[in-house]
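A.B. asks: So Swiss-Prot says this about it:
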- Cys236-Cys238: disulfide bond (DISULFID)
- Cys269-Cys272: disulfide bond (DISULFID)
Amino acid sequence: MNDYLIKAINASKDLRLLTINGKDLVAEAQKRHDTWSASSAVLGRSLLGTLLLAGAELKGDQELTLRLLGDGPVGAAVVTAKSDLTVKGYVQNNHVALPAREDGHIDVKKAVGKGWLQVTKDLGLKQPYTGEVPIVSGEIAEDLTYYLAKSEQIPSAVGLSVFVNPNDTIGAAGGFLLQALPGASEELLQETEDRIKALPQLSSAFLDGMTPEDLAKKILGDDSKILEKDEVSYHCDCSKEKYAGMLETLKGSQLKEMIDEDHGAELVCNFCGNKYNFTEAELQAILDKKLGK
């Protein structure tokens, strides 16, 4: 199991921590979308952050979608994770590379820009719930921390990191989500905050072989306890049947136009790049069904 997420708790059971190694799933996304460095960093951090939220909040058949609606060159990022810890996502502009910051790191803040962060939860109720906050940083981890504080009133700390190699492949990807539970003292929170500040640069640490278990001990201490360890993966659940269902929602005139003028249709999944081709006959069958023939 290369990519996995762990859930841990401190000895006094008033801090909950999720840590993740997601190098392979971010690499899969990079390969599917052919993203360049800045686009990879934005997409990778969004994938990791959404998985951490899903791991903390979802159960059953629930799912969660993060939308990062920034005005930077990468444009919007859309990521959906399910309770089984599968994730899929895309950015609006795949081919964005920016000059490095003075410290040599990718300028994610500039790539994202200003705008809004939305989190939509489909908890199996009648209507999905959406929380929205302004993008306060653009680094994504800080924006998720702000979202959790403002929209969900949960004192949290989020760290996310993606290392992109010079050839645009993914060298490392990981992160954490720390949440205070009822009863956590100010002294404990300050002590834990100091530990987080003392952490090595996350991407370098993951490159050097740090595991989610190692990261948990660095944040919570050696006496912390691991509660769960679950595999995480990039997985798109698109299918030709789903796209046929989408075509059925179009107006009859639109389907007729596809048949008469385009002589078929090719639909491309934003999340994974899979292409689905529909022949004239298949489109005609969808139109006939729609018209009740």
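Including glycine, each Cβ sits where the backbone N, Cα and C put it.
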A.B. asks: Taking just the CA atoms, what is the gap between Cys272 (disulfide bond) and Cys236 (disulfide bond) in Å?
C.D. replies: 6
A.B. asks: At the level of the C-alpha atoms, what whole-angstrom distance separates Cys236 (disulfide bond) and Cys269 (disulfide bond)?
C.D. replies: 9
A.B. asks: Roughly how many Å lie between the Cα atoms of Cys238 (disulfide bond) and Cys269 (disulfide bond), rounded to a whole value?
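C.D. replies: Counting only the Cα atoms, the answer is 7 Å.
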